[in-house]
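**Student:** According to TrEMBL:
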type: DOMAIN; residues: 19-56; note: domain 'EGF-like'
type: DISULFID; residues: 46-55; note: disulfide bond
type: DOMAIN; residues: 67-257; note: domain 'Laminin G'
type: DOMAIN; residues: 258-294; note: domain 'EGF-like'
type: DISULFID; residues: 284-293; note: disulfide bond
type: DOMAIN; residues: 296-337; note: domain 'EGF-like'
type: DISULFID; residues: 327-336; note: disulfide bond
type: DOMAIN; residues: 344-522; note: domain 'Laminin G'
type: DISULFID; residues: 495-522; note: disulfide bond
type: DOMAIN; residues: 523-559; note: domain 'EGF-like'
type: DISULFID; residues: 549-558; note: disulfide bond
type: DOMAIN; residues: 560-598; note: domain 'EGF-like'
type: DISULFID; residues: 569-586; note: disulfide bond
type: DISULFID; residues: 588-597; note: disulfide bond
type: DOMAIN; residues: 603-791; note: domain 'Laminin G'
């Protein structure tokens, strides 16, 4: 079957085509260390008692063979348990045979034991090594290093014999038939205090700086070491190190002396077999890779010669006849070598274009407005899902299918499909306006004013998505849920100049997007749909663009109202144009007042005048017990409508909140602990709250039980959810008083729970059971007046 074939791979290989496994798949066995020889290849560094490409072969080691420091910076070594009773006296004897190359004599560690170094002079240690053809014996008892250096080795000897020892401060060394040499350690200390294992041939993390000063040989031993014995008293016999005797605790890259692992390996295509103790691998010629040098190096891999020319930050993609470069946002060209600015984004399916944006809340309703100019009858315009993958969970997708627009979404039970009645013009000359979305499971689709709807039905109502919002394509089209599109997933070809999700515009620019690739500019100029604000007209200039602005707007991009162009608002103010009066007003930041916000004030009582708000961030939010919250304050007003306090972030309709306000002259308390279960609690007989007098209100939340006190009288006591599904008020540490930020109207933010901003005064605000009142002066806000005067 051409569509459903696969290769059954041996352990060394992986993937559909059985390429050599990398360290991500870790093909090494028996506790071997996997080392990435390159991005695509791996070498298995074998533990003691194992050998072969995958360290799968067991070997019996009677005379260990060490390979020194390999090409990857690892030494071969054996580690034995700490030698006991070595403090005042020891004798060692051993034999070694050098590897057949000059480097074995240069700077090589034979054995080491000591305090695992911090590189300090006072670290005790004992070591033996080779340097410049001589045997070097060092030890440090804590007051300085004693060193004995032999005469040059007789290289005509096949096997060398060493005996060394120490009694208190005095040490000795005898090599082959050379005369015995002695040394006395400096200082008064006479005991050797070592805690590490006894390392033979190398060190487990061989970085010389990790060893004490005076013991830093650069490489591990190269050759065979055998018949290692030690005694720690003249009255004892010699024994091999280890527990049980002669058995190491661990090791790496250690082979059996005179074995030839490469005799069992056949490297292809000119590759050379490399032995490092028991570890063996093929060193491949340029252009080849894999365990046996049987795979060609891709043109996009760093090992390829010559290297690809894709610029840094771009992605090289191999093709049958070369490669192409996928360019990050803000670049274009064959090799992504050109910088571009994006005003109206251009997408090309044949170059796998896409953009992504950080997601936000669309769980209960999703409204998408999009303006696009297609050059192809197929392609994804918008996609988001619970997660990327063919089994994505929930998803929502808007796409072109054979010239029609389709909206598909799945809320967890079934896929809803809506399709437009008419086709788009895919000629690259027609801008289309699309409105699409859903509320619960009820969907709608409107292309250029012609509407298609899907009525609500029983079933799931919420869209749970966690991926980015993808526009014009998806970073990996093979990860699109197959139910989200009718045909094979493909990217959009054409231009997109506007996309708005739930009244939040996604700016299709380099700076505002989260990611993307191969995005161009629709007409190649600096002019674009949203470059000039407020219906300004963009005109291409030699050095960029200019905006021709409507009568009431001015500025480089028509961003400033003419009524504010010469305003006198102070530095602590925002200018708010008033076209109806051909003038402006100044909106003052907290702590300032006056016509031009040039009078600095302090207040204890905050006075709200309808376009006012205070936003307080609770510094103790992280320590609060959110199952037991409390808000109390004094207020006075003569209005019958208004939001007094909103304890919550107010970013999304699902945000938890506790709200206090007035509706039709009635005190209204609303609380939402999750899933939009907003429970309004009203007390109809208390119309006197709008009487211009001070009233003291306290709202207490004890899990799902709510108590409301007005003027110290309990007026409401209700369990809003006896099932206890949600019990905590996750208010995000944010509290609003009187309203929300400029431009955020109360009736919209509260979805109609409250109709207006607050007119009146607020004081004595206390959160939970804090001993101190909130200092409203230290919060942020606008248009707050000093309410200290009057009652």
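Placement of Cβ uses the backbone N, Cα and C atoms for every residue, glycine included.
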**Student:** List the Cα distance (Å, whole number) between residue 293 (disulfide bond) and residue 522 (disulfide bond).
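**Tutor:** About 47 Å separates the two Cα atoms.
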**Student:** Take the C-alpha atoms of residue 336 (disulfide bond) and residue 46 (disulfide bond) and report the distance between them in angstrom, rounded.
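**Tutor:** The separation of the Cα atoms works out to 43 Å.
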**Student:** What is the number of residues in the domain 'EGF-like' (296-337) that are helix, strand and coil, as DSSP sees it?
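**Tutor:** Counting residues by DSSP class gives 0 helix, 14 strand, 28 coil.
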**Student:** What residues elsewhere in the chain lie close to the domain 'EGF-like' (560-598), defined as a C-beta under 8 angstroms and at least 6 residues from its ends?
**Tutor:** 551-554, 611, 614, 742, 777, 779-786
**Student:** Sort the disulfide-bonded residues 46, 586, 597 by C-alpha distance from residue 522 (disulfide bond) and give me just the closest.
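**Tutor:** That would be 586, nearest by Cα distance.
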**Student:** On a simple 10 Å Cβ count over all chains shown, which one of the disulfide-bonded residues 46, 293, 336 is most densely packed?
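**Tutor:** Of the disulfide-bonded residues 46, 293, 336, the most buried by Cβ count within 10 Å is 46.
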**Student:** Write out the long-range same-chain contacts of residue 588 (disulfide bond), meaning residues 6 or more apart in sequence whose Cβ is under 8 Å from its Cβ.
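**Tutor:** The answer is 572, 573, 594, 597, 782, 783, 784.
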**Student:** Tell me the Cα distance separating residue 549 (disulfide bond) from residue 495 (disulfide bond), rounded to the nearest angstrom.
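**Tutor:** For residue 495 (disulfide bond) versus residue 549 (disulfide bond), the Cα atoms are 25 Å apart.
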**Student:** Tally of helix, strand and coil residues over the domain 'EGF-like' (523-559) according to DSSP?
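**Tutor:** Helix (H, G, I), strand (E, B), coil: 0 helix, 12 strand, 25 coil.
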**Student:** Does anything in the same chain, at least 6 positions from residue 586 (disulfide bond), have a Cβ under 8 Å from its Cβ, and if so what?
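**Tutor:** Set apart from residue 586 (disulfide bond) by at least 6 residues yet with Cβ under 8 Å, we have 567, 568, 569, 570, 573, 574, 575, 576, 595, 596, 597.
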**Student:** Please compute the mean pLDDT of the model over the domain 'Laminin G' (67-257).
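**Tutor:** Mean model confidence (pLDDT) across the domain 'Laminin G' (67-257) is 84.
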**Student:** Just to be sure I understand, if DSSP states are collapsed into helix, strand and coil, how many residues of the domain 'EGF-like' (258-294) fall in each?
**Tutor:** 4 helix, 12 strand, 21 coil
